[in-house]
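Okay, so here's the structure we're looking at.
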């Protein structure tokens, strides 16, 4: 029971972290980053949200133990307590992530057009600036899009399965879908997230290489 609730809290915290990444990227599209975005995306906010979400998961675990213990079966992760305290918030966060990504895309395209119409005396410098901006925008879009796409693939099937199972009264086929969502799709996020960062973020690769050197034996 504890593992089920803690894993659910960690998954929800991971989704919220994805939303914070989107908000951080949204803040970088402003010349002067809004104060509210600076506060929400700070390291303190990230840690605080992680603690609060997992603390709420432990609270849910404590409340469920009042009804007695139950086995680690998929039917017990498709209960009303999980539906209202995990799946509905998870679906809400996913919607906010997609909306935020849409706003980011709109602002980036708008800024690209603005840069394109600005007069520059030196044509070669202008072309070089546009080329660098286009490459940077392309990399940012690919990285953020991959993270969001992976989050949707890893989380959305679980929410759909639980909603369907709850609506049909927990049929065997619906519970099998819940089992697949819990044991397959949810694992995709922690499995492929490091690969996305390694292939798309140069600083991540550099830090990873530096970290790996710590384990080499001195000659």
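Counting starts with 1 at the first residue shown.
Even glycines carry a Cβ here, placed using N, Cα and C.
Mean pLDDT for the domain 'G-protein coupled receptors family 1 profile' (1-197) in this predicted model: 77. The domain 'G-protein coupled receptors family 1 profile' annotation in TrEMBL covers 1-197.
Under the heading transmembrane segment, TrEMBL lists 35-59 (among others).
For 88-106 (among others), the entry in TrEMBL reads transmembrane segment.
Summarising the annotation, TrEMBL assigns transmembrane segment to 141-165 (among others).
The feature transmembrane segment is assigned by TrEMBL to 177-199 (among others).
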Completion exercise
Counting only residues at least 6 beyond its ends, the same-chain positions whose CB falls under 8 A of a CB in the transmembrane segment (141-165) are 11, 14-15, 18, 21-22, 25, 77-78, 82-83, 87, 90-91, 94, 97-98, 101, 104-105, 108, 171, 174-175, 177-178, 180-182, 185-189, 192-193, 196-197, 200-201
Completion exercise
Residues outside the transmembrane segment (177-199) whose C-beta sits under 8 Å from one of its C-beta atoms, at least 6 past its ends, are 7, 11, 14, 74-75, 77-78, 143, 146-147, 150-151, 153-155, 157-158, 160-162, 164-165, 205, 208
